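Taken verbatim from Swiss-Prot:
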- 1-21: topological domain 'Cytoplasmic' (TOPO_DOM)
- 43-57: topological domain 'Periplasmic' (TOPO_DOM)
- 79-91: topological domain 'Cytoplasmic' (TOPO_DOM)
- 113-147: topological domain 'Periplasmic' (TOPO_DOM)
- 191-223: topological domain 'Periplasmic' (TOPO_DOM)
- 268-277: topological domain 'Periplasmic' (TOPO_DOM)
- 299-312: topological domain 'Cytoplasmic' (TOPO_DOM)
- 334-354: topological domain 'Periplasmic' (TOPO_DOM)
- 376-405: topological domain 'Cytoplasmic' (TOPO_DOM)
- 427-430: topological domain 'Periplasmic' (TOPO_DOM)
- 452-496: topological domain 'Cytoplasmic' (TOPO_DOM)
- 22-42: transmembrane segment (TRANSMEM)
- 58-78: transmembrane segment (TRANSMEM)
- 92-112: transmembrane segment (TRANSMEM)
- 148-168: transmembrane segment (TRANSMEM)
- 170-190: transmembrane segment (TRANSMEM)
- 224-244: transmembrane segment (TRANSMEM)
- 247-267: transmembrane segment (TRANSMEM)
- 278-298: transmembrane segment (TRANSMEM)
- 313-333: transmembrane segment (TRANSMEM)
- 355-375: transmembrane segment (TRANSMEM)
- 406-426: transmembrane segment (TRANSMEM)
- 431-451: transmembrane segment (TRANSMEM)
Amino acid sequence: MSTTTQNIPWYRHLNRAQWRAFSAAWLGYLLDGFDFVLIALVLTEVQGEFGLTTVQAASLISAAFISRWFGGLMLGAMGDRYGRRLAMVTSIVLFSAGTLACGFAPGYITMFIARLVIGMGMAGEYGSSATYVIESWPKHLRNKASGFLISGFSVGAVVAAQVYSLVVPVWGWRALFFIGILPIIFALWLRKNIPEAEDWKEKHAGKAPVRTMVDILYRGEHRIANIVMTLAAATALWFCFAGNLQNAAIVAVLGLLCAAIFISFMVQSAGKRWPTGVMLMVVVLFAFLYSWPIQALLPTYLKTDLAYNPHTVANVLFFSGFGAAVGCCVGGFLGDWLGTRKAYVCSLLASQLLIIPVFAIGGANVWVLGLLLFFQQMLGQGIAGILPKLIGGYFDTDQRAAGLGFTYNVGALGGALAPIIGALIAQRLDLGTALASLSFSLTFVVILLIGLDMPSRVQRWLRPEALRTHDAIDGKPFSGAVPFGSAKNDLVKTKS
């Protein structure tokens with residue numbers, strides 16, 4: 001950018017169409033967050049009515065993560081083939097329908113299936129909205145685009161907590177899910193009133209449809225084997241998370257089977273760049289493992305361990321959700337200033353100073369707890385707002401929605417494991433200690449994976465001929481693309 005351009009405030013680099021595109025996607029993601037967290041808010045009520053164990057109740061949160069990988073793949077491919085806008089609308093309709101079904105669920109199995117539908121829609125909304133906004137904004141503002149967008153999910157969680165405190169004590173937990181049908185109206189408006197993403201239009205102008213991940217996996221020469229593997233993965237995940245298996249060894253075997261299937265899909269669809277794709281799934285897996293025990297079980301901790309009433313729970317969750325939302329926006333500024341990976345690492349390191357105090361002070365002072373949660377979530381959870389930008393930079397435009405959707409949502413199975421692991425550890429320790437221990441230890445794994453740019457590093461080790469040296473979204477160098485000790489200018493020389 002020129003000196004004159006740099007002196008212009010960042011928001012003046014955006015035209016009205018770009019702001020409208022962002023606003024529409026942000027509202028869609030807010031509604032996604034609202035619908036998704038409803039189950040966490042009423043988990044104790046649902047557990048009591050259906051007579052569920054703690055692990056079974058936690059599996060209702062996990063259910064939405066089980067189907068996310070498939071939703072991210074299918075709806076991401078839709079976004080790559082037919083445009084980001086159609087994929088966004090379809091995703092909103094899916095998660096809204098699943099939420100309504102939760103309100104009518106007569107028992108555990110029905111609600112579990114409804115949560116599977118929500119997971120598919122949520123996955124599609126994440127991938128399509130993220131690529132839509134990132135590709136609509138200028139390159140030097142794309143960390144902000146990512147961070148601002150993902151803040152909508154946290155705002156949706158805050159709104160849901162406030163609605164919970166007003167609705168559930170009067171009309172019961174089912175009424176909360178009936179409200180979740182409203183996003184369908186918004187989806188109909190989206191279909192007619194927002195433009196297509198600029199990068200996607202430029203890539204596809206006058207060209208034949210791209211060959212998507214769905215084409216490669218389910219219409220190629222290995223389609224029969226891939227369909228069988230898809231069914232096998234779905235069945236294995238069902239048995240792992242539906243509370244039907246008590247044998248840890250069997251669960252481990254099924255988990256390894258799923259991992260092998262997902263790696264196979266990545267090898268087939270990404271070609272020589274499969275090491276990058278696999279490592280991105282690992283990054284996201286640990287990102288969910290460190291953050292989602294708190295996201296999923298914080299309401300339960302507040303209601304059981306701290307004995308807070310619904311109104312106080314809503315107030316504390318407001319601080320938590322608002323902190324995450326602010327953190328997404330702050331992360332966007334940090335990412336454009338420091339660079340995506342450096343901003344991620346610095347924010348997570350700062351969050352580590354707060355995670356132990358959050359669960360050590362108890363519930364005597366609600367305001368102190370709320371403030372600690374605000375800053376911890378701002379630094380620890382909010383920085384995940386730039387994760388779509390980080391992941392998307394490893395994929396070209398014609399594979400970005402499916403690549404982001406699949407890698408992110410396979411890794412998001414960590415979110416399915418997280419509440420169950422937290423609940424299991426809480427059987428031996430108190431819930432607060434379990435949540436703090438998981439988050440504190442696993443955050444360091446994410447710091448290492450992102451700080452060392454392990455996707456690029458492993459790609460260089462295994463398939464260097466397909467190494468990408470620069471971010472496909474903003475053109476900045478990948479630090480892991482050169483060996484330790486190499487000159488920094490090497491990356492500039494190799495930029496295509």
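For all residues, glycine too, the Cβ spot is worked out from N, Cα and C.
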Per Cβ pairs under 8 Å, the stretch of 58-78, 170-190, 355-375, 406-426 packing most closely against the transmembrane segment (313-333): 355-375
Close approaches to the transmembrane segment (58-78) from elsewhere in its chain (Cβ under 8 angstroms; 6 or more beyond its ends): 36, 39-40, 43, 46, 86-87, 90-91, 94, 108, 111-113, 115-124, 126-128, 212-215, 217, 230, 233-234, 237-238, 241-243, 262, 265, 288, 296-297, 401-406, 408-410, 412-417, 419-420, 422-423
Cβ under 8 Å, sequence separation of at least 6 from the ends of the topological domain 'Periplasmic' (43-57): give me the contacting residues as numbers and ranges. 107-108, 111, 168, 172-173, 243, 299-300, 303-304, 420, 423-424, 426-427
At a C-beta cut-off of under 8 Å, are there same-chain residues at least 6 beyond the transmembrane segment (247-267) that contact it? List them, or none. 69, 73, 213, 217, 226, 229-230, 232-233, 236-237, 239-240, 274, 277-278, 281, 406-407, 410, 413
Among the ranges 22-42, 92-112, 170-190, 224-244, 278-298, the one whose Cβ pairs under 8 Å to the transmembrane segment (406-426) are most numerous: 278-298
Please indicate, using numbers and ranges, the residues of the same chain that are 6 or more beyond the topological domain 'Periplasmic' (113-147) and have a C-beta under 8 Å from a C-beta there. 1, 10, 13-14, 17-18, 21-22, 25-26, 28-29, 32, 35-36, 39, 60-61, 63-72, 74-76, 78-79, 84-85, 87-88, 90-99, 101-102, 105, 195, 197-200, 328-336, 340, 343, 382, 385-389, 392, 397, 400-402, 404-405, 408-409, 412, 473-475
Between the stretches 22-42, 92-112, 148-168, 170-190, 224-244, which one has more Cβ pairs under 8 Å with the transmembrane segment (278-298) than any other? 22-42
Contacting positions for the topological domain 'Periplasmic' (427-430) when only residues 6+ beyond its ends and CB under 8 Å are counted: 54, 305, 437
How about long-range neighbours of the topological domain 'Periplasmic' (334-354): same chain, 6 or more residues beyond its ends, C-beta under 8 Å? 10, 140-144, 146-147, 327, 372, 375-376, 379-380, 382-383, 386-387, 389-390, 393, 440, 443-444, 446-447, 450-451, 453, 471, 476, 479
Structural state census, the topological domain 'Periplasmic' (113-147) (DSSP three-state): 33 helix, 0 strand, 2 coil
Model confidence for the topological domain 'Cytoplasmic' (452-496), as mean pLDDT, reads 78
DSSP helix, strand and coil counts for the topological domain 'Periplasmic' (268-277)? 10 helix, 0 strand, 0 coil
Summarise the topological domain 'Cytoplasmic' (299-312) by DSSP state, stating how many residues are helix, strand and coil. 9 helix, 0 strand, 5 coil
Which residues, given as numbers and ranges, are at least 6 beyond the ends of the topological domain 'Cytoplasmic' (299-312) yet have a Cβ under 8 Å from it? 40-41, 43-44, 164-165, 168-169, 359, 362-363, 366, 430-432, 435
